[in-house]
Structure formats: structure tokens, C-alpha cells
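Here's the structure, in C-alpha cells; my notes come after.
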Amino acid sequence: MGSTEDLDYPQIIVQYSSGFLISKVMFTACELGVFDLLLESGEPLSSDAIAACLCTSTTGMERLLDACVGLKLLAIEMTQEGALYRNTEISNIYLTKSSPKSQYHIMMYYSNTVYLCWQHLTDAVREGRNQYERAFCISSKDPFGAMYRSEEEMLKFMAGQNSVWSICGRDVLAAFDLSPFTRIYDLGGGGGALARECVSLYPNSTVTIYDLPKVVQVAKEQFVSPEEPQIAFHEGDFFKDSIPEAELYILSKILHDWDDDKCKQLLTRVYKACKPGGGVLLVESLLNEDKSGPLETQLYSINMLVQTEGKERTAAEYSKLLEAAGFGVIQVKRTGKLYDAVLGRK
């Protein structure tokens with residue numbers, strides 16, 4: 001590690017404090033449709049043309065476009081007629097709605113929902129609880145009741161989660177060889193993106209998405225086609241209702257929503273339902289054992305504070321929860337991406 005003289009503290013502080021500004025520039029460009037317009041146009045456009053197409057002010061749009069150039073989300077070309085803007089490759093792949101790897105929906109969820117909770121982070125730290133009551137004037141006692149407070153909000157959340165699995169799903173599902181497991185239940189599987197990745201990677205498997213009735217209804221209507229016979233649905237609350245027998249249960253970004261007691265309760269129910277020789281796959285963002293990082297996971301843990309009852313954990317902490325429920329032969333695989341995998345066997 002370098003000496004303190006090697007660190008440019010003013011520059012670091014400026015970069016950290018401008019993080020909010022950077023993300024809002026990207027979110028705003030997505031929301032206004034800048035990247036979609038430039039993809040559809042097939043050619044670079046001037047700021048005036050973009051402003052006219054998207055019904056914005058010319059001065060505001062020009063500044064937004066220039067900031068996107070600085071962030072390398074757009075490229076600029078100077079001509080005799082003036083500046084012309086076009087998407088960079090990263091924008092075409094991740095920021096346009098039509099891309100299979102689009103992150104548009106998760107960005108809109110962060111911009112319009114998560115940020116409102118984060119405005120009350122100081123209160124969350126003081127009180128140790130989520131901030132739905134302050135952000136949306138609704139009860140914070142049931143985090144998912146608050147999260148799914150309207151069909152529109154539920155749809156935004158599900159679409160956002162689907163976009164995450166479009167780029168991370170295969171990494172966690174390929175962390176272990178899951179081909180021996182043919183009957184799989186995806187608990188809290190939502191919009192089905194991870195289930196779709198699973199049956200694609202393991203074509204001999206069937207995946208049943210187990211989720212709340214209203215979630216299942218939206219998933220069937222909006223996300224999962226009836227022409228996908230390897231994906232089925234089961235309506236229920238996995239904390240209260242019976243969990244059918246299966247060879248493998250996937251809990252992707254589920255345990256981080258809950259405190260240790262609720263996690264033990266759920267894992268114990270899963271263990272009892274699990275077929276002998278079967279297992280449970282936890283998909284979570286793992287903290288280092290000394291909790292020194294990764295930074296993304298540390299930030300996710302703060303997000304769990306402002307939005308849920310849970311937290312991010314280390315591999316050892318998840319292993320302890322699995323062992324308390326009865327699972328043994330626990331394996332951990334770090335993918336090097338946003339999410340990691342922990343497999344426990346019965």
C-alpha cells in the first residue's frame with residue numbers, strides 16, 4: 001500500500017461526493033430516451049435535433065449530452081455544422097430498452113424508488129430500520145408489502161430484477177454443476193429471468209417459480225410465455241405455506257432481505273421439504289470475511305438497511321445459517337461478478 005502522500009484526498013472526496021450527480025445524469029438520459037433515440041436514428045444527431053425529438057429544452061439537453069460524453073456513455077463528433085452525438089458500445093448494450101442485456105428497468109427503479117429511501121439514510125442509520133414510512137408514507141413493517149404497494153411498483157421491481165439476471169444469471173448458475181438436479185424450485189423467482197437462464201443452461205431441468213399470488217399473476221401476464229413449458233408456477237408465501245418437495249431450491253437475493261432468525265426459519269422449511277441428496281443454492285453478493293469489501297456489496301448492505309429487514313453477509317455467515325437449518329457439505333464459489341453462489345446439500 002502506498003503512503004498517505006500518494007493519495008490525492010481532495011480529488012477522492014470530490015469523486016465520492018459527485019457519485020450522486022453521475023448516477024442521476026445516467027438515469028435522466030435513460031428516462032428521457034436519449035440512448036434509445038440515438039440507436040433508432042442510426043446516425044449521430046445534434047443536441048438541437050435530440051432536444052426537439054424528446055421535447056426538452058435545447059440548453060438542458062446540450063449539458064446533459066456533454067455530461068454523458070464525459071462519462072463515456074456518448075461519443076461526440078465535431079463537424080462544420082456543429083457537434084453530433086452517438087451512443088458508445090456500452091450504451092447500446094446496457095442502456096437501450098431493446099437490448100437483451102438492457103439495464104434500463106433497474107436504473108429506473110433505482111432512480112424513482114430506491115433514491116427516495118436513500119434520502120433518509122441518516123434516519124435509517126439512527127433507527128436501524130427501513131425508510132418506507134418516510135419516503136412513501138406507508139407502513140415499513142412489511143417490506144414487500146411496501147415494495148409491492150401498487151401493481152406499477154411491483155412491475156418496475158420485477159422488470160429491474162429480470163434485467164440484473166440477464167447479465168449475471170448464467171455466472172451464478174454455472175458456478176456449480178447443477179445438471180444432476182432436474183426438479184428445481186426458484187423461491188421468490190419473480191419475473192422468471194433466472195429460471196429462464198437455468199432451463200437454458202440445464203435443458204433437462206424444470207423450474208417452478210414459487211412466489212406470492214400477485215407476483216405470479218404479473219409474471220404470467222408480462223414476463224413468462226406459455227410457450228416455455230419447462231417453467232411452471234406455484235402461488236404461495238414460503239414463510240407460511242407448504243413448500244413442495246424438489247431436488248434443488250434456488251434462493252436468489254432472498255436471504256439478504258431478512259434478519260438471521262427469518263433466514264433460519266426459511267432455510268429450515270426448505271430443508272424439511274428438500275429431497276434427500278438434494279440441496280439449496282444461495283445467490284448473494286458476498287462480503288469479504290473481514291467485511292473490508294467489496295464496495296458494491298457494502299453499498300448493497302446499506303440498501304438492505306433502507307429498504308428491507310436484512311443485510312449482506314460473508315460466506316461464513318451464510319454457511320452458519322445453512323448448518324443451523326441442517327444442510328451440510330457447503331461449497332462457496334465467488335464468480336468475480338456482482339453475485340456469488342453458495343451450495344448446501346442435504
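Glycine is no exception: its Cβ is also placed from the backbone N, Cα and C atoms.
Annotations in TrEMBL come from automatic prediction, not curation.
Annotation source TrEMBL lists domain 'O-methyltransferase dimerisation' at 15-96.
As annotated by TrEMBL, domain 'O-methyltransferase C-terminal' applies to 118-327.
Sequence-distant contacts of His256 (active site, proton acceptor), defined by Cβ-Cβ distance under 8 angstroms and a gap of at least six in the same chain, are Glu284, Ser285, Tyr300, Ser301, Met304, Thr308, Gly310, Lys311, Glu312, Arg313. As annotated by TrEMBL, active site, proton acceptor applies to His256.
Residues of the domain 'O-methyltransferase dimerisation' (15-96) grouped by DSSP class, helix first, strand second and coil last, total 52 helix, 13 strand, 17 coil.
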